[in-house]
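Pulled from TrEMBL:
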DOMAIN    40-289  domain 'Nucleoside phosphorylase'
BINDING   R80, R124, I125, G126, T127  phosphate binding site
BINDING   Q203, R205  substrate binding site
Amino acid sequence: RENFIHLCNPHLEKMKEDILYHFALGTGTHDFPTLFGDVKFVCVGGSPSRMKAFIAYIAEELGLGSPGCDYPNICAGTDRYAMYKVGPVLSVSHGMGIPSISIMLHELIKLLYHAKCSDITIIRIGTSGGIGLEPGSVVITRQSVDATFKPQLEQVVLGKTVIRSTNLDEQLAKELMQCSKEIGQFNTVIGNTMCTLDFYEGQGRLDGAICLYDEEEKLQYLKNAYESGVRNIEMESSVFAAMCNLSGVKAAVVCVTLLNRLEGDQISSPHDVLVEYQQRPQKLVGYFIKKSLGK
């Protein structure tokens, strides 16, 4: 059973029913193996609309849908998260920040377990701030690091600090990098991703409501991050990596950079340019899935 989901929770075996509250799904009301048993690839991202766009894109790429076809939200009974499925691909939104994606992942991992899924690959696709990269560059994460550049997630459980590893699957990162080379449409690098608890002070921005440091201190911090191997900053990768590791799931993070933080703090590119940037992780992951399925 090495390729099946591992649940690090013996208490679940004693439950007659498992209610995935934030998905509005439950083992007593839904047949998980029938609904989700064929899933092999799960793509997660912050925005519900982006994940709906991704499922439409992947359906067309795999020849499993027709243009203009609508894909129902499996989690329509709640407004917390959105979930879409086509063939072996599940697309799920996770909101913004570690707490939001953590809640989603607890329920997603249990869903995959109850569905008896095997050989699962989970990939987070999203946007980020780049460090030392041209806007529009795609970063495949080697390690997720915290704001002190350590590859770890620090979490308080029952009043005690627990440290968890945030390494990601090295072979999967290499395969994604090879796919980008084959596509040949945009700059892609493998590098560390800094995961922060905040968009403003936590990422060294000068434009928040509160800022008690100067520009020189900000730039020195970002240069230190670059020298440590960090190439982009976002707010979900650490808990994503840690939870996938504990569950025995092969995982990757693929984010496009919307700006170079060494040159500014505000995202000022035109809307159509940002839309095209945001499609780059979708294109890369879509190509990878198609190649993995031999299509």
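Cβ coordinates are placed from backbone N, Cα and C, and glycine is handled just like the others.
Sequence-distant neighbours of R124 (phosphate binding site) (same chain, 6+ apart, CB under 8 A from its CB) are C43, V44, G45, H94, E236, S237, F240, A251, A252, V253, V254, C255.
Taking every pair among R80, R124, I125, G126, T127, the residues listed as contacting phosphate, the largest Cα to Cα separation comes to 20 Å. Of all Cβ atoms in the shown protein chains, 23 besides its own fall within 10 Å of the Cβ of Q203 (substrate binding site). R205 (substrate binding site) is surrounded by 17 other CB atoms, counting those within 10 A of its CB over all protein chains shown. The two recorded residues T127 (phosphate binding site) and R205 (substrate binding site) have their Cα atoms spaced 17 Å from each other. Counting every protein chain shown, the Cβ of I125 (phosphate binding site) has 27 other Cβ atoms within 10 Å.
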